[in-house]
Amino acid sequence: MTALNPVLFLLCGVSVSLSLKVVSKRGSVDGCTDWSVDYLKYRVLHGEPVRIKCALFYGYIRANYTQAQSIGLSLMWYRSSGLGHGDFEEPISFDGTRMSKEEDAIWFRPAELQDAGLYSCVLRNSTFCMKVSMTLLVADNDTAGCYNSKLRYTEKGELGKSKDISCPDIQDYVQPGEKPQITWYKECNVQQWRSSVLQTADLLAIQDVREDDIGNYTCELLFGGFLVRRTTYLSVTAPLTEEPPRILFPSENKLLAMDVQLGSMLNLTCRAFFGYSGDISPLVYWMKGEKFIEDMDQSRIRESEIKTVREHLGEQEVSITLTIDSLEEVDLGNYSCYAENGNGRRQANVQIGKRVELMYTVELAGGLGAILLLLALLLSVYKCYRIELLLCYRHHFGGEDTDGDNKEYDAYLSYSKVELDQWGQELQEEERFALEILPDVLEKHYGYKLFIPDRDLIPTSTYIEDVSRCVDMSKRLIIVLTPSYVLRRGWSIFELESRLRNSLVSGDIKVILIECADLRGVINYQEVEELKQSIKCLSVVHWNGPQSNKPGSRFWKQLRYTMPYRRPQQTITNHALDTSEPGPFADLQTVSAISMATATSAALAPAHPELRPSLRSSYRSHSLARQKHSHYRSYDYELPFTAGGTLPPQHTYCNLPLTLLNGQRPVNNKTLRQHSLDEHHGNNAMLPLLPRETSISSVIW
C-alpha cells in the first residue's frame, strides 16, 4: 500500500494536469499523450552554453524527475528531423562531452548552429506515456554586434519614471545562493553610467528614464569558461495618459459647414491625437446621425482604414477619411467624427449642404478670361498705335474737316527768324526745320494751305491788327518753339491783342505747339509752361531732330492728326527729308530769315542823304537775299525824301520791336544822328527803321 502511494500521486497529478491543459493537448498517438510544443523557447547565441529542461516536470505533471524514476518511469529524448512538430523523430545519442543528459535536462556546451530544432522528452513505462516538445533557437551575432536582433528581449519605460532592466534566463548559470558577476553594455559598448543609473547583482536600474535611454542593453555572464549574453531592447514612451483623445480637424467646438455640388466626389478627413495609453490601438470612426458608416446601405459611402500620420514616444496622430463617390440629396446632412480611448470619447461635426450650381463655370471663366485678354491686347495696341489707327480710320472713312470752312487757311505758322549777322553762317537745325522743312512738307506733300507771314502777309493796318486778322483766317495756329523763339518770347504777339488772347483762352482756335529742342535750359522756360496752361485747345508735338524728318516718323503722324483732315494730293518716298538729296524736297528754297527786314530796307531807299549809303548797302544785301530765297515775297515802298530832314506821313508796314509794340522805345548807345532821328519822329507810331534798328528788331511772326 505504501509502494502504491507515489504512483497514485503521479496519476492524480496527471489527471489534474490533463484537466488544466486540455486546450493545449494535441492528442494521443500510439497510446502516448502528446502535449505538442511548449510555449517556452530556448534562445542562445552560437558558442554559448544552453540547458533544455523537460517541460513535463514544470507544469504538466505534479511530480519531479526523482519521483518519476521511483515509480518506474523512464525519460527518453528525441530530436525531430524537420522543423515541424510530428516529423520523424530519432533518439538522441549523447556523447557526454559537448552534448550530455543531466537528470531532466540536456546540456549543450556550447550550442552550435546545427543544434537548432525541436527536442522532445517522453516519460513512459509499460502502461503510461506522456510527451512534450521544446524549441531551441541558435543564431550568430549580428554584424559588428554582440547580439542577434531576433533573439532580443523587449522592455518599455515611461519618460521621467524609473525602469529596471533585468538579465533574463540566467538561473541555469548561477549556483543557488551565489550572486552573479554581470557586466552591462549599451550597444555593445562599456558605458560611463550617469548617477541616476544604478547596477545591482542582476539588474540595471534607471531612476529617471530619458529619451536617449532608448537602445540595446546587453548583460554578460561568465559560466564554465563560456560567455553567456542576454540582450534587451528598451523603448521609451510618453507617460501613460489619463486624458481622452483630442480631435484636431474638424474642430471639436465649432460646426464645419460645407456646401458641395451634387454629383461631385467628397472626401472628409478626420485627424485626432492620442496620448500613450499602453498597447491599446487608437479608435477613430465616422457616423451619420446615429448610424455607423459600415451599417449604411449605400456603396458610394465608405471610410478608410485608420492611418498613422506621425508617432513619437507612443503618442500618435491618426486620420480616417470618409469618401462619398457621387453626392446625392440623400447624402446631405450632419456627419460626426468620433475618437475614443479608455479615458473617454470626443466628437466633431460636419454639416454638408448643397451648393448652388453654376452652369458652365469653366466655360464662362474661360470666355471672360479670353475677352479680358483680348481687351488688354487691344488696349495695348491702341496705346502704342493710337495715332496710326486714327489716321488710318480718317483716311478710309473720314471726310475732310468742315470745321471752319469759312476760313481760308489751314494753319497760321508762327516762328522765329535768324538775325542778320547770322546770314552768312549755316542755319541751325531747328531754324532750318521751322523755315524750310515744316512749311514745304505740309504744303507740298500733305496739301495743306499755310499762312506764312513772310510770304502771305499784306500790310493793311497796324502790325497787331494784321496778325489778328490772319490768325482769324486760319483753322489752326502752329507755334514752332525753337530756342530763339523762346528767348524772344514770341508768344507776346498773341498776348498783346485782346481778341487773340481771348481766342486762345476760350478755345476758339486750336493751337499746335511744336517743341524743337529741350527747352528746360532756356531762361524763359517757366513762361512756356505758363503759356501751355493758358491755352485751352492745345496739342504738343515734339520734334526730335533729323530723325523726325522721315515721312514715316511719329512726328509727322502726330502733326497730321492735329491738323484739319485733308486728303493728300501726292506721295513722297520714305527717306529723310534732306534738301541736299533729290526727291520731294529737291526744289525746296531756303527761307530767308530777314525777308521783312528786306522789305523795310527797300522802303527806305530814297531816305535822308545821311542814311542813303547804309540803306543802299542794306538794299544790296537784301536784294541778294531775295535772289537766293525767291520763295518769299518782299515789299518795295517808294518814300520821297524831305529836305528838311523829316519824312512825310507815309503808311509803311515794317517789322517793329516788341518794346515799341508795348509803347516803349529801346534804350541803347546811339550816335547823334540816330538821336536826332528818334527825337524828330518820336511820336510817330509806324516809322521806317535804320538798318541797325532792323538788325536788332523783333523777328517773330
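Numbers here mean position along the shown chain, with the first residue as 1.
Every residue gets a Cβ built from N, Cα and C, even glycine.
As annotated by Swiss-Prot, signal peptide applies to 1-19, with the evidence given as sequence analysis. Under the heading N-linked glycosylation site, Swiss-Prot lists ASN64, ASN125, ASN141, ASN216, ASN267, ASN334. What Swiss-Prot lists as domain 'Ig-like C2-type 2' is 146-235. Under the heading domain 'Ig-like C2-type 3', Swiss-Prot lists 245-353.
Averaged across the domain 'Ig-like C2-type 2' (146-235), pLDDT for the predicted model comes to 92.
In this view, the densest Cβ surroundings among the glycosylation sites ASN125, ASN267 belong to ASN125, judged by other Cβ atoms lying within 10 Å.
Across the domain 'Ig-like C2-type 3' (245-353), DSSP helix (H, G, I), strand (E, B) and coil residues number 6 helix, 66 strand, 37 coil. ASN141 (N-linked glycosylation site) is surrounded by 17 other CB atoms, counting those within 10 A of its CB over all protein chains shown. In this structure the C-alpha atoms belonging to ASN216 (N-linked glycosylation site) and ASN125 (N-linked glycosylation site) are separated by 48 Å.
ASN125 (N-linked glycosylation site) has ASN64 as its nearest neighbour among the glycosylation sites ASN64, ASN141, ASN267, ASN334, going by CA to CA distance. Checked against ASN64 (N-linked glycosylation site), the glycosylation sites ASN141, ASN267, ASN334 differ in C-alpha distance, with ASN141 being the nearest. Here the glycosylation sites are ASN64, ASN216, ASN334, and the one ringed by the most other CB atoms within 10 angstroms is ASN216.
A straight line from the CA of ASN141 (N-linked glycosylation site) to the CA of ASN267 (N-linked glycosylation site) spans 49 Å. A straight line from the CA of ASN267 (N-linked glycosylation site) to the CA of ASN334 (N-linked glycosylation site) spans 14 Å.
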